[in-house]
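What TrEMBL says about this protein:
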- Tyr145: active site, proton donor (ACT_SITE)
- Lys216: active site, proton acceptor (ACT_SITE)
- Arg198, Asn453, Asn497: (S)-malate binding site (BINDING)
- Glu288, Asp289, Asp312: divalent metal cation binding site (BINDING)
- 122-303: domain 'Malic enzyme N-terminal' (DOMAIN)
- 313-566: domain 'Malic enzyme NAD-binding' (DOMAIN)
Amino acid sequence: MFSRPSICGNLSKLCRNGTATATATATPAAANSALALCTARGYHEVVGDIICPSQVRGIDHIRDPRLNKGLAFTLEERQVLGIHGLQPARFKTQEEQLQLCKIAVNRYTEPLNKYLYLSDLHDRNERLFFRFLSENIEDLMPIVYTPTVGLACQRFGLIYRRPHGLFVTFNDRGHIFDVMKNWPEPNVRAICVTDGERILGLGDLGACGMGIPVGKLALYTALAGIKPHQCLPIVVDVGTNNIDLLEDPLYVGLRQKRVVGREYDDFIDEFMEAVVKRYGQNTLIQFEDFGNHNAFRFLDKYRNTYCTFNDDIQGTAAVAVAGLYASKRITGKSFKDYTFLFAGAGEAAIGIADLVVKAMVAEGVSIEEAYSKIYMVDIDGLLTTTRKVGSLDGHKVNYAKNHEPMADLEEIVTAIKPNVLIGASACAGLFTPKILRTMADNNDRPVVFALSNPTSKAECTAEEAYQNTDARVIFSSGSPFPPVKMGDKTYYPGQGNNAYIFPGVGLGVICTGTHHIPDEMFLIAAQELANFVEPSDIERGSLYPPLQSIRDVSMNIAIGVTKCAYDNGLASTYPEPQDKRKWLEDQLYNFNYETSMPVTWTWPRMPYIKTRDESPLIAAIK
Ligand SMILES: NC(=O)C1=CN([C@@H]2O[C@H](COP(=O)(O)OP(=O)(O)OC[C@H]3O[C@@H](n4cnc5c(N)ncnc54)[C@H](OP(=O)(O)O)[C@@H]3O)[C@@H](O)[C@H]2O)C=CC1
Ligand SMILES: CC(=O)C(=O)O
Ligand SMILES: [Mg+2]
C-alpha cells in the first residue's frame, strides 16, 4: 500500500496535527486515508497543519520555507527526502543555526539591512525565523516592527521581493472572494488588514503599508505562538493621496487617488463578506492603520456583526491603561485623582480615553466625573464646547470642556495642570522642555507617555523626559528608546505599544472562536498586563514587563480573554476547557524543528547511500 511511488516513493509524510496527525504515528491505513484526504482536497503544496511532503520532491524540501531545516536535516532525512548531496556535509542543530543568525544579523549596521536579512530568513526557513524572533524580542522587535518597519514601508517599492500577504485592489471589486482564493492557506484564522492611509505616524503610504500587517502578524506568531499559516496580512489598495508616491516610479500600488464615499464603503463591505465566505464567520479581522475618519466608522459598523477589532483604538487603549494602572503604584493615586491631558484626539487618544473612562467607572466613579477628568487637544487646540459645530466630530464631543478656547499646548499644560500627559499626535517634539518642566513643577511624579511612532514622530525622547523633570517622570514611549543615565542611576523606560496586547487577544479569540470582541476583553488585557509588572520593573523606570516576557503576558491575556468569551456566551468552540492554560498551550506553534520522517511505518525500498555507520533507523528501513 505504501509503495505507491506517487505518494511514498520518495518518502514521507510529515503530517503535523489536525486531520492528519494520526498518520505520523498510527497505522498505514490511517496514514493512507489522511493522505487521500490531502490529495482529495488538492493540497499539493505545503499548507496548513496537513503537510504531505511526499508530494514535495527533492530540492523542493529545501526551497519550501515551511519544510526547510537547512543543515539541520539529518543524514536519514537527506537520504530519504532525496536531498542528500544538495547540502554540505555538516549537520547543525537549530541552536547552532540560531547562533549563526545572530552573527549574521549583527554584521549589518543599517536597521533596514537587518530587516532584509530577517525577511530573507522568513522566506528561507520559517521555523528558524520565528524561533529567532521569539527568543530575541528585545533586539529584533525594533527591526520587524516599529521603528524599522516604518522605513521598510517607506522603501517598500525598492525592497519588495516575495509575497508575504495578499493585495486586494479596488479593481478586484466584485471578485474579492476569487482573489482571496488565491491565498494558498485553507485555514486562516486571523487577518490583519490596512488600507495604508495612516501608517504609524508617517501618513498615507498606500500599498506600501503592507509592511505593517506583515510585522503585526509576525508578532502574532513570535509573541503568542499563533501558527503562521493561520495568519494572513492584507492590504486593501484603494489608491493613495500621497502625491510623492503617485509620482514615484517605484510605487507598487494602484496609481490613483483614494476611492472614497459609497464606493469605498461597498468595497470594504465586499471584503468583509469575502473573508467570511472564504474562512468562516469567526475569522478574526484586525483593522490596522486606517485613516481616522474610517477607523471609528468601521469599528462601529462591524463590531457586532464580525469578529473584529481596531488595534489602534482598542489595542493601544489597553496598553496605555495597563501603564496607567502601573503608574498608580508609584504615584499612590487612583484614576479619579488624576487629571489627564491628551495631545492628539484621534484613534489612539480617544481609544485610550474611552477605556480610562471604563476603568474609572469600574472603580465606582460616575461617568460624568470620569469624562470631566479628561482634557483633549487636537490640531486646533483644546477641545471646548465653544468650538464651531462640525469641528467636534464623532467621539471628540465627549471630551469637550466648557473652557475658553486655547491653542498653545504650553499654555494649556500650565492652565490645566494635568498629572498625566499622553501624546498620540504623530507630532515630533510636541512636548517641549518647557512643557516637561511644567509637568515636573506641578507633580512629584509626572506621568508622560510619548506614544507616537516611529521614533522620529515621538512627542519627546526618553532623554528629554528625564532631563527636564529631574528624572522624576514616569515615562513610556510607543517606540523603544535606549536607557537614560542620570547621575549614578540608569532608567530603562518601557515601551507603551499595543504589541503587548494584540497577540494575546488574538490567541484567545481564535482559539475560542469568539463571535464578537467586546471592549471588556481589552480591559481584561490591560489588567493582565498590569499584573505582570514587578516592583523591579518599576524600580528600573518601566511601567511594563521586559519585552522578553511578552510571551508569558500574551498567554495570560489569552486565558483572560478565553474566560471572558465563555462567561459571556461569545465562544463557539465547545466544550469549554477546564484547564484553559493547557488547552491554549496545546494549540501553540512549535518553534522547534519536527521530524521530516515517519517513525513507525514500513517504508518502501529506495536507493540507499551508505555514508557513515548505519543508524538503527536506516538499518530498519533497509
Ligand atoms: N504606541 C502605540 O501602541 C500606538 C501609537 N500610535 C501612534 O499614535 C500616533 C497617532 O495615531 P492615531 O491616533 O491613530 O492618528 P489620528 O490621525 O487618528 O490622530 C492624530 C491626532 O493628533 C492630532 N494632532 C495632529 N497634530 C497635532 C498637534 N500639533 N497638536 C495636537 N494634536 C495634533 C490630530 O488632530 P485632528 O483631529 O485635528 O486632525 C488627531 O486628533 C501615530 O504616530 C501612531 O503611530 C497609534 C496606535 C498605537
Ligand atoms: C503601534 C501602532 O499600531 C501604530 O503606531 O499604529
Ligand atoms: Mg497601528
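Backbone N, Cα and C define each Cβ position, glycine as well.
Structural mapping of features recorded in TrEMBL.
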| residue | record | Cβ neighbours (10 Å) |
| --- | --- | --- |
| Tyr145 | active site, proton donor | 27 |
| Arg198 | (S)-malate binding site | 25 |
| Lys216 | active site, proton acceptor | 27 |
| Glu288 | divalent metal cation binding site | 27 |
| Asp289 | divalent metal cation binding site | 26 |
| Asp312 | divalent metal cation binding site | 25 |
| Asn453 | (S)-malate binding site | 25 |
| Asn497 | (S)-malate binding site | 25 |
Contacting binding-site residues for ligand 3, chosen from Asp289, Asn453, Asn497 when the Cβ sits under 6 angstroms of any of its atoms: Asp289
Listed recorded positions Tyr145, Lys216, Glu288, filtered to Cα within 10 Å of Arg198 ((S)-malate binding site): Glu288
Divalent metal cation site shell beyond Glu288, Asp289, Asp312, criterion: Cβ within 8 Å of Cβ centroid: Thr194, Arg198, Ile199, Ile212, Phe287, Phe290, Ala295, Asn310, Asp311, Glu347
Asn453 ((S)-malate binding site) and the residue listed as 'active site, proton acceptor', Cα-Cα, nearest whole angstrom: 14
Pairwise CA distance, Asp312 (divalent metal cation binding site) versus Tyr145 (active site, proton donor), rounded so that it is a whole Å: 15
Neighbourhood of ligand 1 - recorded positions from Tyr145, Glu288, Asp312, Asn453 with Cβ under 6 Å: Asp312, Asn453
Where Lys216 (active site, proton acceptor) falls in three-state DSSP terms: helix
Where the C-beta lies under 6 angstroms from ligand 2, the matching recorded positions among Tyr145, Asp312, Asn453: Asp312, Asn453
Separation of alpha carbons, Asn497 ((S)-malate binding site) and the residue listed as 'active site, proton donor' (Å): 11
Spatial separation of Asn453 ((S)-malate binding site) from Glu288 (divalent metal cation binding site) - C-alpha basis, Å: 14
Asn453 ((S)-malate binding site) to Asp289 (divalent metal cation binding site) - Cα separation in whole Å: 12
